[in-house]
Amino acid sequence: MRKINEIFYSLQGEGAHAGTPAVFVRFSGCNLKCAFCDTSHESGTEMSDEEIVEEVCKYPCRMVILTGGEPGLWIDDALVDMLHKAGKYVSVETNGTQILPEAVDWVTCSPKEGTILRVKHVDEVKVVYLGQDVSPYLLIEAKEHFLQPCSCQNTEEVIEYIKKHPQWRLSLQIHKLINIP
Ligand SMILES: C[S@@+](CC[C@H](N)C(=O)[O-])C[C@H]1O[C@@H](n2cnc3c(N)ncnc32)[C@H](O)[C@@H]1O
Ligand SMILES: Nc1nc2[nH]cc(C(=O)O)c2c(=O)[nH]1
Ligand code: SF4
Ligand SMILES: [Mg+2]
């Protein structure tokens, strides 16, 4: 059984897949307590993998986004295999502190200051920008490196930084701009 905070159908709002319809599976619980975290994930219901997959399959899209909380604490090969057998593409939103199942199709790593990265394979890096030194995160091998404004509040600052450091791309949280989950 796994503790699930919510399962909902929306569009990926962030990063390289922004705009793609996806079912979000939000796991309860995290190993970090980021002051800026925009998600209350502590409450949850225990669900079996069969129940999780059944709920996911109520929606017609292929992409499933495992998030939280920190999904890296809670997911394993068995769940990823079951989602694959149901025909799904499995994407994970992680803070990067945990080793993930290798079969995951897409890893979005959002590293946090003062943590040690244990994730082995990263497809995109997506840093919440608050004026910190983000240059070390360019050394993480990935297809794309995104900076994301914090709660859409410092977009100008992020744009100015990216124009000076064009290795980065802007990730807007479009779901917050268009008021969808
Ligand atoms: C709620 S976290 C859950 C997954 C994982 N714990 C992590 O931090 O990547 C999902 C994404 O939202 C980002 N995020 C959290 N709070 C934010 C905020 N206030 N503004 C912008 N992005 C935020 C995180 O950095 C992460 O990329
Ligand atoms: N629409 C939408 N896109 C998202 N991308 C990552 C999210 C997350 O909380 O992990 C998220 C979210 O909460 N909503
Ligand atoms: S690691 Fe992710 S879920 Fe955990 S507190 Fe930070 S932003 Fe929130
Ligand atoms: Mg979110």
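Backbone N, Cα and C define each Cβ position, glycine as well.
Just so you know, TrEMBL annotations never went through curation; they're auto-generated.
Note that the coordinates shown come from a computational prediction; the quantities given were computed from them, not determined experimentally.
Mapped onto three states, the DSSP output places G13 (substrate binding site) in coil. The feature substrate binding site is assigned by TrEMBL to L11, Q12, G13, R26, T67, P181.
Residues or ranges marked as domain 'Radical SAM core' by TrEMBL: 17-181. Summarising model confidence by region, the domain 'Radical SAM core' (17-181) averages a pLDDT of 98.
Under the heading [4Fe-4S] cluster binding site, TrEMBL lists C30, C34, C37. Within 10 Å of the C-beta of C37 ([4Fe-4S] cluster binding site) we count 13 further C-beta atoms, all protein chains included.
DSSP assigns D38 (S-adenosyl-L-methionine binding site) to coil in the three-state reduction, outside any helix or strand. The Cβ of D38 (S-adenosyl-L-methionine binding site) has 11 neighbouring Cβ atoms from other residues within 10 Å, across all protein chains displayed. Taken from TrEMBL, the feature S-adenosyl-L-methionine binding site applies to F36, C37, D38, G69, S110, P111, K112.
Marked as Mg(2+) binding site by TrEMBL: T39.
Taking every pair among L11, Q12, G13, R26, T67, P181, the residues listed as contacting substrate, the largest Cα to Cα separation comes to 15 Å. Among the binding-site residues G13, R26, S110, P111, the ones whose Cβ sits under 6 Å from an atom of ligand 1 are, in sequence order, S110. In the three-state DSSP assignment, the secondary structure recorded for K112 (S-adenosyl-L-methionine binding site) is coil. For G13 (substrate binding site), the same-chain residues 6+ apart in sequence whose C-beta sits under 8 angstroms from its C-beta are Q173, I174, H175, K176, I180.
Put plainly, the binding-site residues G69, P111, P181 were compared by Cβ crowding within 10 Å, and the winner is G69. Cβ atoms within 8 Å of the centroid of the Cβ atoms of L11, Q12, G13, R26, T67, P181 (the substrate site) belong to the same-chain residues F8, S10, E14, A22, F24, I65, H175, site residues excluded.
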